Amino acid sequence: MGGSAVVTSAAGTPGPSPADSDLVRAARGLPVSRTPVWFMRQAGRSLPEYRALRAGTAMLAACQDPDLVTEITLQPVRRHGVDAAILFSDIVLPLVVAGVDIEIKPGVGPVVAEPVRSVADVDALPPLEPERLAFLETAVRRLVAELGPTPLIGFAGAPFTLATYLIEGGPSKEHARTKAFMYAEPEAWGRLLDRLAISAAVFLRAQVDAGASAVQLFDSWAGVLSAADYAERVLPHSRAVFDGLGDRNVPRIHFGVGTGELLPLIGDAGADVVGVDWRLPLDEAARRVGPQRSLQGNLDPAVLLADRATVDREVRRVVEQGRAARGHVFNLGHGVLPDTDPGVLTHVAELVHELTTSPARPTAPMP
Ligand code: CP3
């Protein structure tokens, strides 16, 4: 299942397997029955059923409990009718599993007990042993069985974004320490990102081999870099993560925030789909990325806090501008904000489907 399944049905139209779903097809630039939609951070605090289930369990403990992972991942699929599930996990989990002391503080984010500040700190980082990922394989296998034709997206944090947490010791705005380390210790920087790329690839391979139908690499904070620095000091390591998937036949999504100037480069790293935040209209993003790649995005998550007329107008605009892309996966430009009314998310998924279901599209093979 998953990685090795055929991509197109005999009829050349979407069929009832995840490898032939609208998500996978849009990611590859193939015709779809309607524009697929899912939401980054769809599993999480906007859902009361999530808050109930998570009560009393720390975030990173929940991520390692196959029962909780399965149930939390399924919640938004049941509720919103989205076209994909995304594994409930976190970008810092591979580091935690390898033995790095990290905690996710509620309302703050990942906090690292001993930040990486020297060449010796880089060399002391423990590698991720694939044998430690049995809990993840169990959760993914269960999910794939439960999800049936709905694809599961596996994910990992990109080397740069993970490096910002390790070096800053927690969330930061300017990422000044990270950049200072990048400039002052280019060799150790390269080694650090090499190691993070290897661990991200191990983490993604485990998910794909257990049945995930697509992967997303989150380089959330790459937008703080100039194109020149990104190209020289970061992109080769993100490319190494995708290369680490070898010939596993699943679409690759590559996402970052504030990446307007980096979009052509982000595409070059080996993705089938480039994620776009809300700052750039999708037709302009399509021009920058080119016709070889699909786009994912890009409704401003804050719009979901506005009135219904505004939500509808903005959804229509994103759908229209998305038609300029080779393929379009509807999403937000960044994660769901915790205050979002889940009813609005359900409405957006329905509206995207309604706006893009074309009865004129052939549903049977041409004679
Ligand atoms: O999208 C999904 O629904 C799947 C789950 C998912 C989580 N984290 C769960 C989570 C995904 C894809 C992530 C990725 C992630 N984690 C990123 C990249 C995406 C992005 O938003 O840019 C980053 C930067 C992190 C690091 C991280 N983990 C942050 C910044 C936070 C938020 C801290 C806070 O409390 O505001 C977390 C915690 C986290 N990860 C939560 C969830 C559901 C909230 C913790 C909780 O519910 O207690």
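Each Cβ is built from the backbone N, Cα and C atoms, and glycine gets one as well.
Cβ contacts within 10 Å of ALA43 (substrate binding site), excluding its own Cβ and spanning all protein chains shown: 23. In this structure, ALA43 (substrate binding site) belongs to neither helix nor strand by DSSP; it is coil. The substrate binding site feature in TrEMBL is assigned to ARG41, GLN42, ALA43, GLY44, ARG45, ASP90, TYR165, SER220, HIS334.
Among the features that TrEMBL reports, compositional bias 'Polar residues' is placed at 1-11.
Through the fold, the domain 'Uroporphyrinogen decarboxylase (URO-D)' (36-45) approaches residues 21-23, 26, 51, 72-73, 75-76, 80, 82-86, 88, 153, 255, 329-332, 334-336, 338, 345, 348-349, 352-353 of its own chain, all at least 6 residues removed from its boundaries and within a Cβ separation under 8 Å. Residues or ranges marked as domain 'Uroporphyrinogen decarboxylase (URO-D)' in TrEMBL: 36-45 (among others).
Marked as domain 'Uroporphyrinogen decarboxylase (URO-D)' by TrEMBL: 153-169 (among others). In the predicted structure, the domain 'Uroporphyrinogen decarboxylase (URO-D)' (153-169) carries a mean pLDDT of 98.
Taken from TrEMBL, the feature region 'Disordered' applies to 1-21.
Shown in sequence order, MET59, LEU60, CYS63, ILE104, PRO110 are the residues of the chain, 6+ apart in sequence, with a C-beta less than 8 angstroms from the C-beta of ASP90 (site 'Transition state stabilizer'). Taken residue by residue with DSSP, ASP90 (site 'Transition state stabilizer') is part of neither helix nor strand, so it is coil. Sequence annotations record features per position, and here TrEMBL assigns site 'Transition state stabilizer' to ASP90.
Secondary structure of the domain 'Uroporphyrinogen decarboxylase (URO-D)' (153-169), assigned with DSSP and counted as helix (H, G, I), strand (E, B) and coil, comes to 10 helix, 5 strand, 2 coil. Under a cutoff of 8 A between CB atoms, and with a sequence separation of 6+ in the same chain, the neighbours of TYR165 (substrate binding site) are VAL92, ILE102, GLY109, PRO110, VAL112, PRO171. Largest Cα-to-Cα span within the substrate-binding set ARG41, GLN42, ALA43, GLY44, ARG45, ASP90, TYR165, SER220, HIS334: 23 Å.
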